[in-house]
Amino acid sequence: MARIGVTGLGTMGAALALNMADRGFDVAVHNRTEAVVDEFMEGTGSLSDRFTPVKSLEALVDALTPPRAVLIMVKAGDPVDAVIDALVPLLDKGDLIIDAGNADFNDTRRRTARVTDEGIGFLGMGVSGGEEGARHGPSIMVGGTEDLYRPVQDIIEAIAARYQDDPCAAWLGPDGAGHFVKTVHNGIEYADMQFIAEVFGILNASGRSYADQADLFAEWNGGPLQSYLIEITAEILRARDSETGAPVLDVIVDKAGQKGTGRWTVIEALKLGQSATAIEAAVAARSWSAEADARAKAEETYPTGTTRMSHVLDGDLEKALLAARMIGYGQGFALLSAASRHFDWSLDLARIAEIWRAGCIIRSSLLDDISSAARDGLPHDQLILAPGIAPRLADAVEGLRRVVLASMEEGVPVPGLAAALSYFDTYRRARGTTNMIQAQRDFFGRHGFERRDRDGTGFHGPWAESD
Ligand SMILES: NC(=O)c1ccc[n+]([C@@H]2O[C@H](COP(=O)([O-])OP(=O)(O)OC[C@H]3O[C@@H](n4cnc5c(N)ncnc54)[C@H](OP(=O)(O)O)[C@@H]3O)[C@@H](O)[C@H]2O)c1
């Protein structure tokens, strides 16, 4: 009998199942298209004895030791509901379903309630690290009740990445907490990727060769920017297309895909009254990228000419990326705090930063500092105010400012970097300019305002006196 079942042997499900077998667990494997199970088994090599291949969900359930645990790793959305609907009648009370795909946490909350009503446990589990991570150690963010997590904790921790022996897996809170944290992780990932893409654009506009840029990113990866995304950027800049021999970046269409997690982050931020503008800029840039024909027409209408940037220092670009990264993480953590309060999740922000230190796409040396800062408590829930972060941000942000200014002068697009800088500049003013907004609202709608010199609400401006 197998300890756990996996249904959905696509990229991620197959990799996770192999990872479990590698760690010594017996796994029953199933896939909607039966032939995929055979293909999977052909690739299991010396691990084949660990697997029980099955061709139906009934057989999957029969192959498991009760109380059963079935991990679903299918396409996000309706397919997850379809698999749950098919599984629930086959399971017994006390069995457990784990959805390890990228679910909208609102769906996870709904599915948790639906499955729990039938006496079956449900965990919503975010998995980050792509195929490689899933195969050899992802970062794993679990939501559900803690008592449901304990029986599978050994499997989940065993397959997770390790940061200095600490497994990058944790139970984070009830129902949708794991998938919410995974969503915000992806939002931060969107922002970080966008910042890097913008710096790539600036370096191109400065006439720097890909080889030169690759060296620069590789050098940055040895400093405070050390991270998976900076590391792969250097590799990508060096890579050549195997068919044409051209730099691979030159053969790729500038149209970025998205599956929803970045957009969900922004939507949830807005619902919670939060600002995730750097993440929003990254989502917007991907959306605009899809409008290739309109962009071609716009370039014809407003020609850019040849852009030649010459006055941006490498050190400023490094600082710009660091400052923007801190602000991107800051917006993500502020959102996590807001969600934790709103849903009463008691999220451990330090633990979240810790389990992102290895295995996941946004792993970076900065996360070690972020986890220490969060452990000490974030002033006003703001990472950018943490004593361990603030002096470094104050230094780096001036590089960000110079880079944004120089780019804007030349018309080189930097929507993500500029959003990060604007957020910083807006946030660090004790007295902003929304007094004007309040005056306008009162002028046209008698909404009332608060006064600086008196307690209370509902004061009106002189324009109301003539009524
Ligand atoms: N790829 C990544 O880097 C990554 C990283 C983190 C999280 N994720 C998430 O992991 C999940 C799986 O992604 P993936 O990349 O492994 O996908 P994938 O390679 O496209 O595989 C999709 C799987 O879903 C199954 N499926 C699709 N529709 C189904 C349905 N109606 N009923 C039953 N099974 C169905 C497919 O079965 P058939 O073979 O029968 O079509 C296949 O096994 C998604 O939620 C994704 O967002 C992916």
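Numbering starts at 1 and runs along the chain as it is shown here.
Note: Cβ is positioned from N, Cα and C throughout, glycine not excepted.
Where the annotation comes from TrEMBL, it is an automatic prediction and has not been curated.
Within its own chain, LYS182 (active site, proton acceptor) has ASN102, GLY126, VAL127, SER128, MET141, THR261 as residues 6 or more apart in sequence whose C-beta sits under 8 angstroms from its own. The active site, proton acceptor annotation in TrEMBL covers LYS182.
Annotation source TrEMBL lists active site, proton donor at GLU189. Under the three-state DSSP scheme, GLU189 (active site, proton donor) falls in the helix class.
Other Cβ atoms within 10 Å of the Cβ of GLY8 (NADP(+) binding site), summed over all protein chains shown, number 25. According to TrEMBL, the feature NADP(+) binding site maps to GLY8, LEU9, GLY10, THR11, MET12, GLY13, ASN31, ARG32, THR33, VAL74, LYS75, ALA76, ASN102.
Look at TrEMBL and you will find ASN102, SER128, GLY129, GLY130, HIS185, ASN186, TYR190, LYS259, ARG286, ARG441, HIS447 tagged as substrate binding site. Within its own chain, HIS447 (substrate binding site) has GLN438, ARG441 as residues 6 or more apart in sequence whose C-beta sits under 8 angstroms from its own.
The feature domain '6-phosphogluconate dehydrogenase C-terminal' is assigned by TrEMBL to 178-464. Averaged across the domain '6-phosphogluconate dehydrogenase C-terminal' (178-464), pLDDT for the predicted model comes to 96.
Comparing the Cα of ASN31 (NADP(+) binding site) with the Cα of every entry in GLY129, HIS185, GLU189, TYR190, ARG286, these being the recorded positions, the smallest distance points to GLY129. A simple way to gauge crowding: the CB of ASN102 (NADP(+) binding site) has 21 other CB atoms within 10 angstroms, across all the protein chains here.
All protein chains considered, the CB of ARG286 (substrate binding site) has 18 other CB atoms within 10 Å. Over all protein chains present, the Cβ of HIS185 (substrate binding site) has 24 other Cβ atoms lying within 10 Å. A Cβ distance below 6 Å to any atom of ligand 1 is met by none of the recorded positions LYS182, GLU189, TYR190. When Cβ atoms from all protein chains are considered, those within 10 Å of MET12 (NADP(+) binding site) total 23, not counting its own.
GLY8 (NADP(+) binding site) and GLY129 (substrate binding site) are 18 Å apart (CA-CA, integer value). Residue annotation for NADP(+) gives GLY8, LEU9, GLY10, THR11, MET12, GLY13, ASN31, ARG32, THR33, VAL74, LYS75, ALA76, ASN102. The furthest Cα pair among them is separated by 21 Å.
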